[in-house]
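Novice: Pasting a structure here, questions to come.
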Amino acid sequence: MSDHVIVVGLGFGDEGKGAVVDALCADGSVDKVVRFNGGAQAAHNVVVGDRHHTFSQFGSGTLAGVPTWLSRYVLVEPIALATESRELEAIGVTDPLSMMSIDARALLTTPIHVAANRARERARGADRHGSCGKGIGETAWYGLLAGRKAGELVEGQRVLGEPGPAPTVGDCLNPRAARHKLDALARFYEPLIGDGTNVDELVALYRSFADAVRITTGDELDGRVVFEGAQGVLLDETYGFHPHTTWSTVTPRNAKHLLNGRKARVLGVTRTYQTRHGAGPLPTEDQAVLDRFPERHNGTGEFQGAWRAGHLDAQLLQYSVRCCGGVDGLAVTHLDADGLKVATGNGLEDLPDPVAYLEDLLGVEVLVTGAGPARADYAVRENPRHDRVDAGVGGRDRAAV
Amino acid sequence: MGHGKWDDNAYAAAKTFRAAKGIADFGYTASIKSQPRDNWKAAKALDPFKVALRECRDSPDHADSTPIAVLFDVTGSMGSVPRIMQGKLGKLHGLLQRKGYLADPQLMFGGIGDADSDRVPLQVGQFESDNRMDEQLRDIFLEGNGGGQKSESYELAAYFVARHVVTDAWQKRGRKGYLFIIGDELNKPRLEARHIRRVIGDDVNQDIDPVSVYRELAKKWNVYFILPNQSSYFHDDAIAEHWRAILGQNFLKLDDPGAVCELIAATIGMEEQVVDLDQALVDLAEIGSVAESRSVGKALVAVGAAARPATAAPLAIDGPDDVTLT
C-alpha cells in the first residue's frame, strides 16, 4: 500500500490495530503515525522479536522508527506519556520523546481529571460504565463546558460549579495560562475530589513537558501517513451502545478532517472473533470462546472490568462498516485461531476460512493478515487477488473485476 | 498530584522530561561550573549565610511532621551520592510513607565541603514534603574539590543544624529529628569561628570543639554518619574510630553506595520501632531494592543489629545519654 491509511477498529477495541500499524510501518514506507482520537486509555500491543510494548500515547509505529503526531483530537496525559517514554527506552528506543509531536490544541488530561473520573466511576457502584479510570471522559466532558453555568446538565452530567476554559497542550508553553486554567479546573472539581491539588507543581511539570516534546500549531501531514485509531467503532460516542461507550469519535471522521480532502484508504481491523472489556452488550458472547483464546496482554482492569469473548458477529461487523461510511480494505487478526463460528442473522455457522468469508461479507479485500502476536506473524498483502489495489482501482467503491 | 503529597509518577515524569530536554539532573552545577571560580556560590535557596532558621513545621496536610535532614559530602570522591539520592528520592519517600515508618516525613538536603579550601563549603535547603525536594537536590552545587587533608567541614554543617533549625516535632512533641551525614572523612580538628562568620554569618569569636557540637545536636536529633564505599577511606580504620567515638553505633558503613536511600529508610523504620531489621529488608526487596537490601543488611548488622532480640529496635538509642560522646 502506498497511500495514506486510516486504521479503524471494527469491534469494541482490542482488534489488533497496534500490530497492524506496526506491520504497515515495518517496511519503512511510512513517515508518520497520527493519532486521531482517544487518549492515554489506548493499549495497542506490538511484539517485535523479543520486544513487547503496549502503546498508549506513542504511535504503534515507534518500534519501526516512525514518529508520532498527536492531533488536536487526542487527549494528552503528560505524566503517563513520560512513563511510556521510559518503558520504550527500557526496550531500546533511543530518546522516544524526540519522536513525538503534539498539536497545541489537543486537550490536556490532568491528575484532576483522573481523580474526578475515578470518583465518579466508583460512585456508580454496580452500574459501572467500564471506564479505564484514566480521565478520558472527564477531559472530554470538561472540554464541553465553555459558557455553561453551574447546575446545567451537559451530556447527562450536572455542572458542579463555574467551569473555566479547558487546558490544552499549548497552554503548557505558557505557565501563566496554564496556571489560570488549572486553578479554575481545580476549583471546579473541589466538590468531587477535594482541594489538595498542587497546581504550582503541575504548572512546573507541564512546562518541562512542553520543553521535551515538539508542540505544533499547523498540519503535520508530510509524506505518507498512517492514522492510528484507538478503541473500536462499537464504542464510538455516536454509534456505540450507550452508556458503554467512549467519549471519542472512533470512526474515520476526525482523520478525514485532518486530511482535508487528501485521499486515504480506510482499513477496518477485526479479529476472527469478537472481544470486549468490561460491561456492555456482546451479543455473541460465549465462555467457550473465552476459554479457548486466553489473552496474554489483556486482563481484568480495576476500572475496566473483565475481558470477554464471543463468536464473530456478521451483523455487528456490517454495522461498524456502515458507521465508518464504508471501508477500503480489511485487516484480519488472530487468523491462527481455528474451529471458529460466525453468528449470522440465521444463527451460528462454522467459519472455515475467515479471510474469504469476510471479503465476501463486506465486499472488500483483506489487505493485512495477522496470525499471531508478533510482527513476524503479520503480512501486508500488496496484491491480494489482483493487481488492482496498487493501481488504485480497488476498494469498496469499485466493483470486483 | 495526590493532594499535596509527593507523587512518584509526577516526580518521575518531571525527571523524564528534563532528561529528554538534555538538562542534566544537576543543572545548577553545570551552569555554575562554566563560570570563573571566583563566581562560584550556592544556589540562593541553599545558601546558609545569614539564614535565621530552617523550619520543619506541621501543616494541615502534614500534621505529624518528622524532620529528616540529609547532608552530603559533595567533595571529589563523594559527588555521586547526591546523584544516587536524586534517582531514588521517590523510593525513599514512598517507602517511609507507604510502609508506615513515618506519617509525614519532611526532607531537607544539604551539601558539605571543606571550609579551608572550598568556595561553597556548606549548603542547606529547606524542609519539603513534596516534589520541591527534588528541585532542591538538583540545585545542590557539586563543587567537587575537597582539601585533601582527610577532613571536611562536617562539624560546620552539624553546627548549622544544631543552632539554625527548629522543628515542630521537637517543640510540640519532644520528638527528635533524623540527621544523616554522608561522607568519608574526618571532622576538622576545630570548628573555626572565622568559618562560622564567613559561611553562616553568626557572630562567633571562639573556635568550638567539634565533639561539643555533636553533643548539642544529639539532644534534638538522631544523628548518623554513613560511610559509603566510594573511596579508599572506606577501609581506613581511622575514619571508623573517629566517628564511632562521636556517634557510637550510629556510624554506618555501607558497601554499596547505591543503597544509601534504602539504608536511610531502613534505619528510620527501625529507630521508629515500626520494623525490625528482617522486616525492613523485606520491605526494601518489595520496592525492588533487592541487591540494595543486602548492603543495608550488612551495614546494620555490622553495628550489632542482628545480635539483638528481634523485638527490640536494633538502633534504639533514645536520648543524648545513649550517644557515645568524648
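Positions of Cβ are set from backbone N, Cα and C atoms, glycine also.
All annotation found in TrEMBL is predicted automatically rather than curated by experts.
Quick caveat, the model's predicted, so the values are computed rather than measured.
According to TrEMBL, the active site, proton acceptor annotation covers A:ASP14. Under the heading active site, proton donor, TrEMBL lists A:HIS44. Residues or ranges marked as GTP binding site in TrEMBL: A:GLY13, A:ASP14, A:GLU15, A:GLY16, A:LYS17, A:GLY18, A:ALA19, A:HIS334, A:LEU335, A:ASP336. Per TrEMBL, IMP binding site is recorded for A:ASP14, A:GLU15, A:GLY16, A:LYS17, A:ARG148, A:GLN231, A:THR246. Residues or ranges marked as Mg(2+) binding site in TrEMBL: A:ASP14.
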Novice: Return one of helix, strand or coil for A:GLN231 (IMP binding site), based on DSSP.
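Specialist: Once the DSSP labels are grouped into three classes, A:GLN231 (IMP binding site) ends up as strand.
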Novice: So of A:ASP14, A:GLU15, which of the recorded positions has the fewest other Cβ atoms within 10 Å around its own Cβ?
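Specialist: Each of the recorded positions A:ASP14, A:GLU15 was scored by Cβ atoms within 10 Å; lowest is A:ASP14.
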Novice: To the nearest whole angstrom, state the Cα distance for the pair A:GLN231 (IMP binding site) and A:LEU335 (GTP binding site).
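Specialist: For A:GLN231 (IMP binding site) versus A:LEU335 (GTP binding site), the Cα atoms are 20 Å apart.
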Novice: Determine the minimum-neighbour residue: among A:LYS17, A:HIS44, A:ARG148, listed as recorded positions, which Cβ has the fewest other Cβ atoms within 10 angstroms?
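Specialist: The recorded positions A:LYS17, A:HIS44, A:ARG148 were compared, and A:ARG148 has the fewest Cβ atoms within 10 Å.
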Novice: Calculate the distance in Å between the alpha carbons (Cα) of the residue listed as 'active site, proton donor' and A:ALA19 (GTP binding site), and round it to a whole number.
Specialist: 7
Novice: What's the CA to CA span in angstrom from A:LYS17 (GTP binding site) over to A:THR246 (IMP binding site)?
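Specialist: So the Cα of A:THR246 (IMP binding site) lies 17 Å away from that of A:LYS17 (GTP binding site).
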Novice: Indicate the candidate from A:ALA19, A:LEU335 with the smallest number of other Cβ atoms within 10 Å of its Cβ, considering only these binding-site residues.
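Specialist: Result for the binding-site residues A:ALA19, A:LEU335: minimum number of other Cβ atoms within 10 Å at A:LEU335.
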Novice: Spatially, and counting Cα to Cα, which of the recorded positions is closest to A:LEU335 (GTP binding site)? Options: A:ASP14, A:GLY16, A:ARG148, A:THR246.
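Specialist: Of all the candidates listed, A:GLY16 is nearest in space.
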Novice: In whole Å, how far does the CA atom of A:ASP14 (active site, proton acceptor) lie from that of A:THR246 (IMP binding site)?
Specialist: 14
Novice: Cα distance, A:THR246 (IMP binding site) to A:GLY13 (GTP binding site), nearest Å?
Specialist: 10
Novice: For the IMP site made of A:ASP14, A:GLU15, A:GLY16, A:LYS17, A:ARG148, A:GLN231, A:THR246, how many Å separate the two farthest Cα atoms?
Specialist: 39
Novice: Fill in the CA-CA distance, A:GLU15 (GTP binding site) to A:THR246 (IMP binding site), as an integer in Å.
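Specialist: With distance taken Cα to Cα, A:THR246 (IMP binding site) is 16 Å from A:GLU15 (GTP binding site).
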